[in-house]
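Following: one structure in C-alpha cells, then a few remarks.
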Amino acid sequence: AMSLTSTLSPVLSVVFSPRVSSAEEGTHLITAPTHHWDAITEMDEQNRPIHTFQVCNVMEPNQNNWLRSNWIQRQAAQKVFVELRFTLRDCNSIPWVSGTCKETFNLFYLETDQPHSATTRFLPVDTIAADESFTQTDLGDRVLRLNTEVREVGPVTRKGFYLAFQDVGACIALVSVKVFYKRCPSTLRNLAAFPDTVPRVDSSSLVEVRGACVENAEERDTPKLYCGADGDWLVPLGLCVCSLGHEETDGVCQACRPGFYKAFAGNTKCSKCPPHSSSHDQAGTICHCDKGFYRAAKDPSSMACTRSPSAPRNLISLINETALFLTWSAPSDSGGRKDLTYNVLCHRCSGAPGGEEDCEPCDADLRFVPRPLGITGTSVAVLDFAKHVNYTFYVEAVNGVSSLGQGSRPLANITVTTDQAGPSLVGVVRKDWASDNSIALSWLEGEQQPNAILDYEIKYYEKEQEQLSYSSTRTKTPRAVVTGLKPSTVYVFRLRSRTATGFTAYSNTFEFSTGDESKDVLCVCVSACVCACCNRCQGYIKAKIKSEDKRRGPFQNVVPFPGIKTYVDPDTYEDPTQAVHEFTKQIDPSRICIERVIGAGEFGEVCSGRLRTAGQTETPVAIKTLKGGYMERQRRDFLREASIMGQFDNPNVIRLEGVVTKSRPVMIVVEYMENGSLDSFLRKHDGQFTVIQLVGMLRGIASGMTYLSDMGYVHRDLAARNILVNEALVCKVSDFGLSRVLEDDPEAAYTTTGGKIPIRWTAPEAIAYRKFSSASDAWSYGIVMWEVMSYGERPYWEMSNQDVILSIEEGYRLPAPMGCPVALHQLMLHCWQKERGQRPYFSDVVSFLDNGIRFSLRSPVVIICPFSKLSFPESPEVMPHYPLFISIGDWLDSIKMSQYKSNFLAAGFTTLDSVSAMTLEDVRRIGVSLIGHQRRIVSSIQTLRLQLLSDQHNGFHV
Ligand code: ACK
C-alpha cells in the first residue's frame, strides 16, 4: 500500500517509516525544537511496534515546530518524490481549541553539496492538508484515518538535500516519509538490452536510449527505446537478430543444436542440415558435406550436397565421309544436380596392326560442333577428321561439383576408325508399311559412291526389352521387310552399311511399331498413281504407257537456255504446250516407279517413287499427277508449273526431272525431298534444331530466292508450306504453279480488289494494288524467317486477315519468336519495311546469314551473339521504328493472350518495363501453362525488350 509508482523506482531514502528497525530510527529525522515533535512508538494490532513523530500543540498560539531529515544523497535523481503518510486531527474534534488549532503543515527542502547543520534557507515545497481526518465506524466511533500525500521536489542538482516539516499548530502524527525518484527500469526488448534510465525533468520530452544486442545477436536496425517521464519505456524502434548459428528462444539467442545450422543472421530458426551434409557441433553456421559429396561455390547452403555424375551411357558413333557423330544418353546418376554438361576428349591412335598403338591428343584442327567442352545436349558432330586413323573419343559428364571430387572421373569411350567412313544414313530410314508381324523399311544411301555399298545390316529389338536381345538381317537393296515381329509392338532399328573396307558405324535409332497402319499401301500405290516398274507393284501395273518422247533426250539439261538468265513467262506463249515443250523434258513412264501417295495436290495426288536413270541407278522422285477427267485449262495450268520449274537450275530451287504428257496420267516428276514441306517438318521437330541449323535453312531459301529474283521471277507465294526439305535439311523453293495467282493455295483469300492472296505472307502493296515484285517476295521471306524461327507457328496466330492488314497498316510487326537472336528479328523487321525500296535484296540476306554462320562456326560457343555484331547493308538510321504498346492490356490483346491479363497484374507485372524483364520461368510461374502460349508471350516479351532497348539506344546496334 505504500508504493505510489513502480516498485522498481529507486528509493532515495526511507527517511522515516513505522517499520524501520529501532537501530535506524531517529537517525533520519531531527526535531527542532526537539521537545515539540515527539518520537513515539506504539503497538499495532499484531503487537508490532509503530514508530511515529507526533506534534499536537493545538492549544497554544504561534506554533513553529520544525522536524528535519538528515542529509539525503541525490544519486541520479533529477526530480524527487516525497511520499508522506500521516494522520491529522480535525480541529472540530478537539474541544476548546478554536483559533489556535491548525489542520495543515508545511514541507520544505534545502539542497547542499555536503551535510551541514544549517537549517536556514529552506525552500517551501507545499502546504499539506489532510484529505480525511476521521471516519465514522459502525459502532459510531470516530476513527483517525491515515493520509498519504506525494509531492514533487526539484529539479534537484546538488549532491544531496534535506527535507523539513513545519508544524504551525496542528495535531499531526507522521507515520512514514519515503523519498524516491522515477526511472525506466533496465529491460530486454527485441533482443536488445536497455539500461536503467532516469527520465527528463521536463515531462514532455523523452530520453532516447540505444539498446545493446544480447549475446550472439547483432543489430539489424539500431535498437532504441524512449524513456517517458513516468518511468515507462515507449516507442520501441529497430531490433537485433540472432547471429548465424543461433536462434531466438525466450528472448535470448541460443546456439543451433548439432544436425542443425543457420547460415545467416536473422529472425529465422536453425534449419535441419540438407541431405548428404551434417553439423557435429553446437552453433553450426553451415553443414559440412558428407564424404564424397560437395557443394559448388555458387550452391546455397540450403542445397543438398551433390556429387559428380556417373559416366554417360550408350555412347555410339555414326560416321559418313565428312562428319562423325557421337551420341550418348545421360548418366544413370546425375549426382543430384541439374547443371549437367559433357566434355568430349579425343585421342588419335595410329599403329601397326597388332603392334603397340601410339596415341596422342587429337589435332587442334579437329572441329566439334557445337563445341568439344560444356556440351549441353547429348550429341556432337566431329568434323575435319583425318582418314585411316583410330580416334578414341572419351565423353565425360560433368556437373558443378565435378572439379571438387578426387580420383578419376568416369568416362564413356568409343574408338572410331575413319577408314570406315561410309554413306550417311542419318534421318533417312522410313517405315513404308507395317502389318501385324512385319515392318517394311526403306532408306536412302548417302550421295557418296552408292555402288561401294555391298550390303546393309539391320539390327532391331523390341523397345520394351531394352536391347536384352536383338536380331539382325541383311539386305543388298536399301529396303527390307522385317518379319516375325509381334503385333502392336514398338521396335528399335539401327542400320549400318558394309563396303569393301568394312562396316560403317550404326545409324541413329529409329522406332517403328507393327500393326498400326493400313496394310493396303500397295493398293494405294496402284489405285492412286501409276505404278510402272518397282518389283512390289509389278503385279498391279495398269497404266497405258506410251514410249518416251524421242525428241528430247532423257538427260538434256533442264535449263533450256544456258547462259540466259531471264525467266520467260509461259503465259507469253500463245500455245502453252509449246512452253512445256520448250522448258521441260519428257520422261518415259516406264522409268517411273510410283511407290506411295504422300499428299494431295490441287490437281491430283502427289506420290513418291523412283526414276530409273541411265546407269540403271534409281533416283528418288516426287510425282505430281493430274487426276483424270480434267479440263484442258486444268491441264494447261498443271503443266504451267513444270514450264516454269524447268527454267531453273539451282540447288535451292526444286529441280524438275521431267514431265509425262504423252500418256495418262499426266505427271510432273521432281526431285524427292525426304522431309516434305518445311512448315510441317518444323512443327514435327519443334525445338530440335540449333539456331545455326535454322539459319542454314533460311540461308538456303534466301539463296534460292536470290537465283529466282536474278532470273526476274517473282514467286508471289513464298511461305514455309511452299519450301521443301530434303534429308540433309537442304531447303528448296517450290510451288511455281501460279498463273491464276495462288488459286491453289488454301491460305489465299480474296482481297477487295478481287485477287486471291495469302494475306499473312504478302506485302501491303501487293495486297492493296497487286504490286508484286522481288521486294514483295522479300516481305514474304521475312514471314518465312519468322515461321522457321518459331518452328512453324502460324504468322499472326489466330488474328483474322482483316486484323492482320489493319495492324500492319498501323505499324505492328510480328515479335521475335522465342529463342530467336535479336539480329535475325531485326532482319525480319528489315524485310517488313513499309517502303518496299528499303527492304533488303536477297543477295544481301544471303551474305548477312553467311556472316552469322561463319562467325558462329569460328567460335562455336557463341551462337547467338555474332549476329548482333553484324549490320545491314543500309545504315541504322533507316531501320524502322515500331510503336510500343501502351498498357499490359493492349499488349496482351495484340498477341491474343488477353485471358492472362489478370495473371500479369496479380503477379505485380503492371508495366511494360517490368514485363520486358520477365523470363520464361516467370511466365510459367504466373500461371501460363500451355507451351504454345508461353512461347507466344515470351517471343513478344523479347520484342518488347528489344524495342525498349532500341528506344534507349535509338538504333539497331543493341
Ligand atoms: O508436307 P508434305 O509431306 O510435303 O506434304 C506435301 C504433299 O506432298 C503435297 O504437296 C509433299 N511433296 C510435294 N513435293 C514433294 C517433293 N518434291 N518431295 C517430297 N514431298 C513432296 C509435301
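In case you wondered, yes, glycine gets a Cβ from its N, Cα and C as well.
Those TrEMBL annotations? Automatic predictions, nothing curated.
Residues annotated as active site, proton acceptor in TrEMBL: Asp717. Residues or ranges marked as ATP binding site by TrEMBL: Ile598, Gly599, Ala600, Gly601, Glu602, Phe603, Gly604, Glu605, Val606, Lys624. Under the heading disulfide bond, TrEMBL lists Cys56-Cys171, Cys91-Cys101. Among the features that TrEMBL reports, domain 'Eph LBD' is placed at 1-189. Taken from TrEMBL, the feature domain 'Fibronectin type-III' covers 308-421, 422-517. What TrEMBL lists as domain 'Protein kinase' is 592-849. Residues or ranges marked as domain 'SAM' by TrEMBL: 887-947.
A distance of 130 Å separates the Cα atom of Cys91 (disulfide bond) from that of Ile598 (ATP binding site). All protein chains included, the residue listed as 'active site, proton acceptor' registers 24 other Cβ atoms within 10 Å of its own Cβ. Annotated ATP site Ile598, Gly599, Ala600, Gly601, Glu602, Phe603, Gly604, Glu605, Val606, Lys624; additional same-chain residues within 8 Å of its Cβ mean position, judged by their own Cβ, are Cys607, Thr625.
For the pair Asp717 (active site, proton acceptor) and Glu602 (ATP binding site), the C-alpha distance works out to 15 angstrom. Only Ile598, Val606, of the recorded positions Cys56, Cys101, Ile598, Glu602, Val606, place a Cβ under 6 Å from an atom of ligand 1.
Separating the Cα atoms of Cys171 (disulfide bond) and Val606 (ATP binding site) is a whole-number distance of 132 Å. Figure note: comparing Cβ neighbours within 10 Å for the recorded positions Cys171, Ile598, the maximum is reached by Cys171. For the domain 'SAM' (887-947), the DSSP-based tally of helix, strand and coil residues reads 44 helix, 0 strand, 17 coil.
Among the residues Ile598, Gly599, Ala600, Gly601, Glu602, Phe603, Gly604, Glu605, Val606, Lys624 said to bind ATP, no two Cα atoms are farther apart than 14 Å. Counting only same-chain residues six or more apart in sequence, the Cβ atoms lying under 8 angstroms from the Cβ of Ala600 (ATP binding site) belong to Val606. The C-beta environment of Cys56 (disulfide bond), restricted to residues of the same chain at least 6 apart in sequence and closer than 8 Å, consists of Arg89, Ala170, Cys171, Ile172. For Cys101 (disulfide bond), the number of other Cβ atoms no farther than 10 Å from its own Cβ, over all displayed protein chains, is 22.
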